[in-house]
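S.K.: Got a structure here, written out as structure tokens. Questions coming.
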């Protein structure tokens, strides 16, 4: 037992040593280890054991004995808290701690320890420690600043002070514990007195150590200056408790050393949780403080009192917050026509307003999942506010009756939230993990809509448990829905967008009528066209019928008014459709009469109806008339308005201002003009003549037994002709929408000045204008006013340029510095790109050296060649303005440097020389005064001098510099100057005497002035850098960023406010378990090709790798040497992680916001007290990150919360993700992490009960997680979708008025963060009749360079997030929220249900519902492109397919949702069209594109099988080929992504230029982007269609790694078999049938033209996964893939075997989506289409001749059964008897011989040919697939019949056959080595263009690359 104890102690010592090294800055920065870092969470919840042990570590070196005392006390506390060590990890902790104590005892060298004196030693050390760290002095200074209200920067500068306070607090706690046993007359008395003194006066000790989030409200802090800001102090004083508030009971106390405030009353009255109160107290304080600062005035003060000491908040600020927070409540009350809890706004004072705002936030903060029910929160607030009102009026604080529970405990959570949560949870449980039908359970929306009716007050107050709202679902009884039921059917598409379908149908009808009347428009045509009346009314009746049908499931609980409206509309449209149809029939019967009464009545009816519709449409939709609609309250008008449009709480007032309305109306009118012209002339008109001919044809002979086409004028033939035309007619509107949006988006982008700067040359050319543009847009007035020379009047232009340059310089240099920190540029590039401060005495603007490099040398060349006048020389130089700048700067700098170096006679010489040169310049005689031929000599001498001066001073260098100056003097005097001037200087007595005496330039003054030193370095570079700066920076990403940033300076954006007045905001990132930071092992582990991630990154980013090595000072080091140093190893991990899609990258990017705000605040220099240094060191950014004022100001305005849902579990399980998140917390002090903590506890009945807490943590002084808030939840928060629930639990910890939603695969840049102030001002800009509620932001996809697929995806995504969303926002006004990085109006959204919806499955695409919700609740969503955020995208085909499958499935669920239904009904017609075609309509059109192929080919198959195509062709020469060509060409162009590419090309033209756009488009086509787009078409169609039919939409983890690995054939087959391969083979089968049996007049050419798009689709769907698979055609990989596939195919499944390991398990998983009877019936109907093959082919066999009797088809089924029986015999393998097995083998042999003989006889003696055999196979394969599909659909029945095993074997055979068909071409192509090389170049062309050897990487030839 000795050895384990020794090992444990050794481990503990090593851990403690590593911890101390880390704290000293020497070790590996990671989660705090040591025994203090191992304290179980169950012990830290109620004690400070971890703090005591941390203090013991701190003082170990000072006094080991005291450290031992602390450890022993910690052990005692742990033992008292958990004596049996039941808690998780407690036993291990105690064992470790005891080992540490033993170790400390061992160091006593055997001396006896007297524990009775421990308390005395502790007291002595405590006194010594206080004296050593000047604690008493600090307290006195603290008291002084509290009294004065000003801040001294000397206080709180170091975090070391906080460590001192932490140690003191631990000492005090241990002293207090030990003093209980000490003598009361000795040390014990002193300790007691000290404890009293601390509790009475020592706020500092508790303040510095009390956990707080942003504002230290529990006690003031020395190290955090936020409490000094007047607006914050004013907000704190505003919530203070005053004497006219209700009195607390006598025993009421607060634990914190602060004043009682409003929140204490609310906590006492309603029983809110303490941490919820603390959280919302800070939230309200910051909200009020920011509202006050935005007014642009400081908090007011009471007259006659120190203004700084007693600030007051303005009434306007509080009223603004009040109205914003309670806006939704006010609307709710108005909608339900109930009284508000206040009489009028003027009747309540600001204290009441603050009470109500605080109450609302406290309710919201503790509501948990009920936050998704915003009107439920309004209901709770309404009643609790009434209770609060009564208490405030009563004068004495008493607990509210609604929150009093058992044992008189007061708990808002238990009494209000828990009952609601339990009902929500019970309903959520019914959804069966998302598998149950939506109609079977109530989702969040159903619960919320309960409160949209006055009936909600039946819930009563306190809550009535037997109310329908709290009614829990019973096992077999369905709980009624609210007013909408999400039945799974395609009919929702018609129901939601019926106006569009009616319009398209009516227009098609009109165009067809005109076409069939030969284009003549006369009375007869007009009467026929009036048939649109019945069409219109019948289609409206269908919609009303669907309303009735699809509301089934809600009738028992829906509002009576809603049901009565459905019934009224149903009967109204039913009767009107009958009446109108009857009238029209009568009109047609009397059409020959000139005078028809029915015709007049019909016209009158249609006219009146149309007039009424127009009037109501204008009243409800047209903005100008909307006010009249709102005013008309008469019941008559209200009734018709209600019938026309359902009245919901949401969706009212969805109109735009008239100018916006007219814009999108014109937009759609243009589209309609193009669409209907195209439809009439190219689709409908060419089909008229063939249709008439076919209709009039006599009966034609059929090749098969005809069942339904007798004497019906060949209707099926006409249907097969028109069907593809109708299909394209319904979707081609999307084509015209795409084309017009590309044009409009391009024009708008050009107007917005996008793409003006799109190359480095343009950056160079326009750099001179950047400072002024930057100052105008991105700099606040506060900063501009600080410039010392901003008001000078002389040389206005030059001075203003200098001013702008001085303002621009610190910002530009920080941007360049950030590029260097990110390793995009080298040190040399950083020096060349950096800009001088321009605050020195030099008179002209100093530009970065990359603009001026080599300009001096070029100017000298011009001077040497100059043979003209001085003016001509200067004109030639001035043609390049930067050359002119360089010459001028060089001249002035030389003068200033020489003047500073020399004194006495030397200075006289310098002054004389420059005086002469200046006078000759003014006289124009410079070429006479100077000999320009000698300039290179002078330059060489001066370069030598500056080279010496750039080094550190030494006597040797000083002597060399003096000699260099003398050499310069010699050259200038005797070589450069003219002979006259030379003689004058040589005979100048003063100079001659000094020269003769050796005093001239004998010593120089070494530069000490920072300005001179900077000028010397700059001038040296200016004279020596010879290469052109055209390629600086070299890195493409650095170039792109600088180009975009500089371009954005010239775009329209709001002016920046000072940081103190800007809108505060929060960044919010949901995280689950993705990669945080790559570990060293992950970077170095090699894949099957021998390639590690690190090696791959080094080759993909070679320049950044070299820059990284240069930055850490390891220029020539290898990977192994980096691993030896812990700090370098950590830097390497971060470097790699910053190039992946990791959380570390996101955190670094988002923390740039804080850095930008600190820089901006520092340069604005807001002063908080007596240390005003606004004029000192003006406009330098040096030290801004350490400025306490700047940090505090940034923290008021910016917070970053990451919601790491399972961080608590990860910590408990010691997962690396937890350690990495902790490391991020340590490195970013403003970062906060929220997570869900689960506590398990045993109950009496042996069941484990769980309690859930929402926690917020930050890093403390020692790098440990410090818990700030812990809010108990009513239960497991994950009732719905994971991501929105994750966001919801943590959103209570966000701050500010805006929240930016950022995904964890995003990035940000410092230069973009500087524009955030401008973006936030858009919330106050004019963007329509409503202020913006969501600001859309442009994204840059940074993963585009990985492969060609990533490039396609990047371009597609970029096109949508720029041009696409630009048009959606304006002019269409239908932009939604499509994910990240949009900025939300936080107050608007948290009071309206949050930033996403969370109901299971229906809200799988949770983000877009935030846009729906915002729009329906009268929000306004805009889009802005002057700022961008980085975004990672999927880079491999499988990742892309999974992502698109998720999105398509999400859109399928949207079709069923109430949000889409309401928007489809409540938008005006044109805005509804925009909404449809940019959301679910896009996927419908995608599906229609694929269905067009099916419709066309099945139509052709029908004509071919029936033989009608040949018969008709003989009679009707033209079969409507013009229409079919138009249809199929349109379909093909959509299929290959041409129309998807149009906006992309327009974006290229706009932002890259025409040539680059053309080149990029051609490159994409050569890289087979059309194959990719066709394949994606299939992905979207499959998942969208399957979701609507069967459900099954789910979150699909795509993985975000670097995809260069080869994907195995079996993996691709599993993923794409049902979505692509089966469908492609079906299309191929149809094409084969068409070519075999069809008749095409033009022969093969016509066939190819008609079926080209279909063949392209087949090839793309079958082979794209292998074309885009790295090493897909490498022979060795192909062989391995075949072995892997066959083993997977033949491996038997079983319990626990996953689909990736066994075909049987995978096959079972593939059938999981068919769950319901409806699904089985639909699957059955769809499967029957395959039977046409057998039915058609058997009549085409030579064997059957011309016989068309039905018996032949029956006989074919007998043959099929026979084949199945034979197959069964061959595959039968008994397991029991070996004798019987021998018999089976004998039978199999006989059967095979008999089969061969029978086939030979049949072929020989009948008409059956070899071709017939292949045709039979072609016939039976689809029939077999039909049987398989039916067996799968009715699995239970088949299993009960005992046939399931046979079905499974049939299915295995089919999959084997499909696999062979796909695998054979791959194997064939793999024989040729050049195919693999070509494929690598195709896939990785982007990398090849950067000079990378990808083929070597893929081949694993690492050694060759490294050489």
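One is the number of the first residue shown, and numbering goes on along the chain from there.
Yeah, the Cβs are placed from backbone N, Cα and C, and that goes for glycine too.
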S.K.: From 597-620, 621-644, 693-716, which range did TrEMBL mark with transmembrane segment?
M.R.: 597-620
S.K.: Do you know which of 536-555, 756-775, 776-795 TrEMBL annotates as transmembrane segment?
M.R.: 536-555
S.K.: The transmembrane segment (1475-1497): which same-chain residues, six or more beyond its ends, come within Cβ distance under 8 Å?
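M.R.: The answer is 493, 497, 500, 723-724, 727-728, 730-731, 733-734, 737, 1364, 1368, 1372, 1374, 1376, 1408, 1448, 1451-1452, 1454-1455, 1460, 1463-1464, 1467, 1524, 1527-1528, 1531, 1534-1535, 1577-1578, 1580-1581, 1584-1585, 1623, 1627, 1630-1631, 1634, 1653-1654, 1657.
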S.K.: Which numbers of helix, strand and coil residues does DSSP report for the domain '1,3-beta-glucan synthase component FKS1-like' (351-464)?
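M.R.: Split by secondary structure, the domain '1,3-beta-glucan synthase component FKS1-like' (351-464) comes out as 84 helix, 3 strand, 27 coil.
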S.K.: Looking at the transmembrane segment (661-682) and the transmembrane segment (497-516), are there 3+ C-beta pairs under 8 A, with each pair at least 6 apart in sequence?
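M.R.: With 3 or more qualifying Cβ pairs, these stretches touch.
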S.K.: Look at every Cβ pair spanning the transmembrane segment (1645-1668) and the transmembrane segment (1854-1875), keep those 6 or more apart in sequence, and say whether at least 3 of them are under 8 Å.
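M.R.: Between the transmembrane segment (1854-1875) and the transmembrane segment (1645-1668), which are separate recorded stretches, there is contact, as judged by 3 or more close Cβ pairs.
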S.K.: So if I exclude everything within five residues of the ends of the transmembrane segment (1721-1738), which remaining residues of that chain have a CB under 8 angstroms from its CBs? That is, six or more out.
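M.R.: Beyond its ends, the transmembrane segment (1721-1738) has Cβ neighbours at 704, 1498, 1501-1502, 1504-1506, 1589-1590, 1626, 1629, 1633, 1637, 1714, 1744, 1752-1753, 1756, 1760, 1815-1816, 1818-1823, 1825-1826, 1829-1830, 1832-1834.
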S.K.: Mind checking which residues reach the transmembrane segment (1811-1834)? Cβ under 8 Å, same chain, six or more beyond either end.
M.R.: 1626, 1629, 1632-1633, 1636, 1711, 1714, 1719-1720, 1723-1724, 1727-1728, 1730-1731, 1733-1734, 1736-1738, 1740-1743, 1756, 1759-1760, 1763, 1799, 1803, 1843-1844, 1847, 1850-1851, 1854
S.K.: By Cβ distance under 8 Å, which residues at least 6 away from the ends of the transmembrane segment (1621-1639) in the same chain are close to it?
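M.R.: Non-local partners: 1490, 1493-1494, 1497-1498, 1500-1501, 1503-1505, 1509-1510, 1513, 1578, 1582, 1613, 1647, 1651, 1654-1655, 1657-1658, 1661-1662, 1730, 1733, 1736-1737, 1740, 1815, 1818, 1821-1822, 1858, 1861-1862.
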S.K.: Looking only at the domain '1,3-beta-glucan synthase component FKS1-like' (351-464), what is the mean pLDDT?
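M.R.: Mean pLDDT for the domain '1,3-beta-glucan synthase component FKS1-like' (351-464): 90.
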